[in-house]
Amino acid sequence: MTSTEIARVRPARTPRRSGPRSTLTRSSGLGLGIAMIWFSALVLIPLAAVVVTAIDGGWETFWATITNGQTMAAIKLTVFTAAGVTVVNVVMGPLIAWVLVRDRFWGKSVLEVMIDIPFALPTIVAGLVLLSLYGNADSPLGIDIANERPAVFLAFLFVTLPFVVRMVQPVLEELELDVEEAAASLGASRFTTFRRIILPSLAPAIAAGAALSFARGVSEYGSLVLLSGNLPFKTEVTSVRILSSIENDNVAAAAAVATVLLAISLTVIVLLDLIQRRVAARG
Amino acid sequence: MTYVLRIVATAYLFFLVAWPVSLVVTHTFDDGFASISSLLQDPDTVVALQLSAYVAVFSVVINTLFGVGISMLLVRQEFPGKRVLNAMLDIPLSVSPIVVGLALVLVYGGRNGWLGPTLAGWGFDVIFSTPGIIMATTFVALPLMIREIVPVLEEIGIEQEQAAQSLGANAMQRFWRITLPSIKWGIVYGVVLTLARSLGEFGAVKVVSGNVLGQTRTATLVVEEKYLNFDQQGAYATAFLLAMVSVACIVIVAIIRPKNHS
């Protein structure tokens, strides 16, 4: 994801006059209609079907399904691991972005490419890749965490690597050095400059990246298949739980758990939208 | 301080990305080109690779048409519900691939889906068949193109087009002669990213495809299958082929992007 520069990705808000108005002509309206039909058929109706199927059996069935011991263990593992990984990314992401923007050294462009690899690499290959170094009897490091909980953490860490870095990087690039120099000349220490000047301008980007990385972690599946062994109560994540329900032909249970994941993704999307509005309003 | 940060960042990326990825390459060539060539002689694997390529091409074409169209509408038009649509277009980025698969099965499943039985009645099977794989892949890659084109469209504005319009160019001429050339690079990046994402989709495809050997098994499913059947060499070789394509995509983007930026 080389341009997750959210601040620029979305159209700027145009001043709203009284009520929603439309500038659609007949042909652009037709285009929008066709696009909406496709988007509905592909995304909206299927996702609605998940929610409808989940609540079809009534609230009690829904609640019983997601509070089932094994399911609850999977949800907890997924959410806590994703949260932990997000914390690591909030620290490492800005650090890596800083090195990429402010530092100059031989081989920097290689690091630049490495950031994007987890995004482009097929998730199943990502799992295999991690397995070859960290989950193998003949691992060169002598580490074997396959089928253990740290494997889930590691897989999440790998697939969420680009998000915070790629959000923070463009903001850091546009930051004026003058302001920092002015602060330094007025006697601010490097730490004070960082805390009072740099951090506040990076905060929205870090938050947006953190939200995306949390959402990605929670929904991860492919990289875990080979790496985590999918042991119930131990390394089974929510996506795997949903898949085994599907394979057992228990679509209602699958839909109930999927609805929980959808709620999390939706929260993240609303959060992202709010962060963007704040950034747009400030800038 | 600078050196500490540099070393921390480099070491982190080395242990998390560089070293593991390089191991797949060395494992693949443990015994020369034998594992790659034996892979390419296995007809089922070749069919899987072809299916992956075919599906990826479909997904790229659909997402390019949809992405260009919807981006132009979002940037240049005002309509009720625009903000909601704008936010919803990001949904595929954060939905679990398994949920994507489940959602498609619930609507297009041949037996119990909302629309599946009707479509099956017309002789059109979606789930456990190629259209389902294409839909799942298109779903997960949907936002990538839009995220590339929207910023470019915003930057170029509409002055040139207004000028062209005042000189008598019609909508088609304005699109082909002015808009398209200026968003060309955005589309190229979008295509590359969509291609990488589409070739690599695994979870959603696993749910909708039925994973039938030689028919609906894609390359990523082959990796899993081979690994679970203790054919590690085959798994590494297939993974290597997939990884090579995605790394090539990333490098292409990295090479052409900076020039365009400045």
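Glycine is no exception: its Cβ is also placed from the backbone N, Cα and C atoms.
Taken from TrEMBL, the feature compositional bias 'Basic residues' applies to A:10-19.
According to TrEMBL, the domain 'ABC transmembrane type-1' annotation covers A:75-272.
Taken from TrEMBL, the feature region 'Disordered' covers A:1-24.
Outside the transmembrane segment (A:30-55) by six or more residues, the chain places 24, 62, 251-252, 255-256, 258-259, 262 with a CB less than 8 A from a CB of the stretch. Per TrEMBL, transmembrane segment is recorded for A:30-55 (among others).
Under the heading transmembrane segment, TrEMBL lists A:75-101 (among others).
Among the features that TrEMBL reports, transmembrane segment is placed at A:113-131 (among others).
If you look up TrEMBL, you'll see A:151-168 (among others) marked as transmembrane segment.
What TrEMBL records for A:197-218 (among others) is transmembrane segment.
Long-range neighbours of the transmembrane segment (A:251-275) within the same chain, counting only residues 6 or more positions beyond its ends whose Cβ lies under 8 Å from a Cβ of the stretch, are 6, 47, 50-51, 53-57, 61-62, 65-66, 71, 75, 79, 204, 207-208, 211-212, 214-215, 218-219, 238-239, 241-243, 245. According to TrEMBL, the transmembrane segment annotation covers A:251-275 (among others).
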Handout entry: Distant-in-sequence neighbours of the transmembrane segment (A:75-101), which means Cβ under 8 A and at least six residues beyond its ends
Key = 66, 108, 111-112, 115, 149, 152-153, 156-157, 160-161, 163-165, 167-169, 172-173, 202, 206, 209-210, 213-214, 217-218, 220, 235-239, 241, 257, 260, 264
